[in-house]
Amino acid sequence: MTIDTVILDIEGTVCPITFVKDTLFPYFLTKLPSILSSIEFPLSTSSSTNDDPIIQILKQLPESITISNESVFSYLKNLVDQDIKDPILKSLQGYIWEKGYEIGDLKAPIYKDSIKFIENFNKKIYIYSSGSIKAQILLFGHAEKDQESINLNPFLKGYFDITTAGFKNKSESYIKILNEINKSNDPSSVLFLSDNVNEVKSAIESGMNSYIVIRPGNAPLSDDDKSTYKTIHSLDELTL
């Protein structure tokens, strides 16, 4: 088996699964009220000419939601609390996180073995996450290494999210990615790494190779899963 392309999940694979839920999500909800308070509600049709990126994102919500900043906050907080993969939410989160990274509030705790792999794998690496592509680029652009912020994006070939590839538990999403990266005729040369069993199963159904990455804090695997799928605990274990 010759692998020349690796697709990486983010949460629970290259960084702790707790980073998103314990750091990024709370940061978003902390900053959101002050941002919403600066916007005039209800959003009128005249807002369509406003080039404020926040307003342009919020305009995609149903009018029944954008009647007040309280209703918008309640709606978005519910999506966050339920961990619903909503594209509008992801866009807004990406914008707010960008500001957090820029001012140094946020740094991404990428695992050391993941940084090492990304920096030294001399073939193609793609990212596929439910988080927006913008959020992915921000995260890898502000990876923490030796207490400094480093940019890993130059080592990455491209990015996919639920708006460009589809949901990660669907095999057709991986087939779409194979087409996008010109690997539809050679899917076995592609390896997808994820902490999620359903994602790994879907990737395998597309013809890719796929391993489950076991990290501290990840959901425990059943004995059946451990016997069915190849597992690794670190990207250092890869021999490609």
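Glycine is no exception: its Cβ is also placed from the backbone N, Cα and C atoms.
Taken from Swiss-Prot, the feature Mg(2+) binding site covers Asp9, Glu11, Asp195, and the record attributes it to sequence analysis. Other C-beta atoms found within 10 angstroms of the C-beta of Asp195 (Mg(2+) binding site) number 22, with every protein chain shown included.
In the shown protein chains, 23 other C-beta atoms lie within 10 A of the C-beta of Lys168 (substrate binding site). Residues annotated as substrate binding site in Swiss-Prot, with sequence analysis given as evidence: Ser129, Ser130, Lys168.
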Pop the Cα-Cα gap between Asp9 (Mg(2+) binding site) and Ser129 (substrate binding site) into the table, whole Å please.
-> 6
Going by DSSP, is Asp195 (Mg(2+) binding site) part of a helix, a strand, or coil?
-> coil
Whose Cβ lies within 8 Å of the mean position of the Cβ atoms of Asp9, Glu11, Asp195, the Mg(2+) site, other than those residues?
-> Ile10, Gly12, Thr13, Val14, Ile17, Ser129, Ser194, Asn196, Glu199, Val213, Asn218
If you run the three-state DSSP split on Glu11 (Mg(2+) binding site), which class comes out?
-> strand
Among all the protein chains here, how many other CB atoms are within 10 A of the CB of Ser129 (substrate binding site)?
-> 24
Ser130 (substrate binding site) to Asp9 (Mg(2+) binding site) - Cα separation in whole Å = 9
